[in-house]
Amino acid sequence: MMDSFAQDWPTLTHTDNGLAMDQLSGVVGGGDLPGDVGFEPQTRARSNTWPCPRPENFVEQADELDSTKASNQQLADSQQAIQNANAAKKNSSRRNAWGNLSYADLITHAIGSATDKRLTLSQIYEWMVQNVPYFKDKGDSNSSAGWKNSIRHNLSLHNRFMRVQNEGTGKSSWWMLNPEAKPGKSVRRRAASMETSRYEKRRGRAKKRVEALRQAGVVGLNDATPSPSSSVSEGLDHFPESPLHSGGGFQLSPDFRQRASSNASSCGRLSPIRAQDLEPQDLWGFPVDYQNTTMTQAHAQALEELTGSMADELTLCNQQQQQFSAASGLPSQPPPPPYQPPQLQQQQQQQPSYSLNGPAPGGYQTLQPQSQSQCLLHRSLNCSCLHNARDGLSPNSVTTTMSPAYPNSEPSSDSLNTYSNVVLDGSSDLLVQQQQQQQLQQQQVKVEFEGQCLEVLNNEAQPIDEFNLENFPVGNLECNVEELLQQEMSYDGLLDINIPLANVSTNAPLVSLVNNSTTLSSSSSNLSGSTTTLSSSSLSAAVQLNQLQAQLQQQQQQQQQQQHLQQQQQQHHQHQQQLLLNNNNNNNNNNSSNSSLDLATQTAATNLNAARVQYSQPSVVTSPPSWVH
């Protein structure tokens, strides 16, 4: 048994799919099945859909070719017959079931046949039923819904018909023919978003306006052609209401597209952004390496007009500043320099601010450029500007800085006061000149301090804690607090005065200002507290009123209940009285009946007694009469 397992196993001649392996080996060319012999990769069609593609060497039989040709000929004949039928149908004189006229033509005939040339909707229906044979048997409500709906649609969609309000109340409107309608086939009304004649007129007017601007010699415009879907090209969008339009408008960038540039809208607008972004400039008009090559003289003049009109609307005008300085006892200070257009400031581009280190003779040094990035109140000791100036301070130099807010004013003397112990090299004449200069500068410090205060009060962006009030000479300074508060409260009733108490010195004017501001804030808090109390009192009054109303309602309900109880008691009392009366009547009747019965019994008794007496008497025998025998 084990030897039989050691023998070679017989090879299968068939696979699972029933294909003989010897036949497959004969097709391949050998008894074995090498994996790379006889099987070549075949190309496969990209679309393997039904019906399957025919092989390349397929030959059609003759009968199949004849049948295919016959079927193709029949199909061509049927298509030709259908085309002939369609042509005959198009040439027919009857386009609709009632004739060649459309609904709009029938309505036109109906309105034209009227004496007043106007008909109501019901009259149009009646004319259709009476004059068109097709609608004579379709006048009832069941069969007239379709064609009446078509008439209403044609009346509302065609331009040749217009609706006129009827004079009488509760009557339908009149339908008339529009005399301004175009002859021929009437055009249906479109939606408001589609391009109609009204939008075409607007587009024409806009193009004429652009041509007029071109002929007027407007400079700085792009050469782009107008877009067919927009009223104005991207490079020709101007703003006539702008004050800058008088001398030539801003140039728009060619990379900006329209906000709505589809074909369905012809009123596209452009974003009002300038073509070239301006670099940020200094706060007081110092340009930072910017050169405008497209700015013209007319444009600069327009900018000056704009800044002049804007300067008139500033909160602190020159007159108010003069009043403030007159009330405070300080000398008047000219306002900051006006804004100059960039073209006129090109000469000042390369002019940085300077720290004045005295002149060359007598030990003074030459002018040295100083950094432009200084804070608005750079005179305080906490400012980085003076720290930078201290590092470069030498015994032969006296550092004085110029305020960026007042470039034309004299240099300030804060550093001179701070560093008064600097030893100066030179003769006594230079010392005298220096003392005189210090006196002049000390007089001008007050004026500059007033301007600085005004700038800080009106500029919320600059924090007020940059002040170092201890370093300012406040010997002769005065402040009219009432006028200042009126000035602040005049701006839409907003009062915002924030002065930290830690930085305020013990000087009387500043302390009085702080006291007044704190008093005002306390009064405002008292006012808010009073308003809160008033609101709470109003709420309590409302609650009390609601309670009183509830009590009144309860009292009314109690009164109604009491009245109802009283009515019930009265009814019950009346009922009892009625019962008593009925009982008395019954008693009287009983008494009368009893008395009559007693009388009857008494009479009967007397009669009986009388009878007894009669029967109790002895009988008397009488003799018969004489004639009785």
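Including glycine, each Cβ sits where the backbone N, Cα and C put it.
According to Swiss-Prot, the features are:
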| type | residues | note |
| --- | --- | --- |
| MOD_RES | THR49 | phosphothreonine |
| MOD_RES | SER78 | phosphoserine |
| DNA_BIND | 98-204 | DNA-binding region |
| REGION | 185-208 | region 'Disordered' |
| MOD_RES | SER193 | phosphoserine |
| REGION | 220-274 | region 'Disordered' |
| COMPBIAS | 224-233 | compositional bias 'Polar residues' |
| COMPBIAS | 259-268 | compositional bias 'Polar residues' |
| MOD_RES | SER262 | phosphoserine |
| MOD_RES | SER265 | phosphoserine |
| MOD_RES | SER266 | phosphoserine |
| MOD_RES | SER271 | phosphoserine |
| REGION | 321-368 | region 'Disordered' |
| COMPBIAS | 332-341 | compositional bias 'Pro residues' |
| COMPBIAS | 342-356 | compositional bias 'Low complexity' |
| COMPBIAS | 394-403 | compositional bias 'Polar residues' |
| REGION | 394-417 | region 'Disordered' |
| REGION | 563-597 | region 'Disordered' |
Residues from the same chain, set at least six apart from the ends of the region 'Disordered' (563-597), whose C-beta lies under 8 A from its own: none
Secondary structure tally of the DNA-binding region (98-204) (DSSP, helix then strand then coil): 46 helix, 12 strand, 49 coil
For the region 'Disordered' (563-597), the number of residues DSSP places in helix, strand and coil: 35 helix, 0 strand, 0 coil
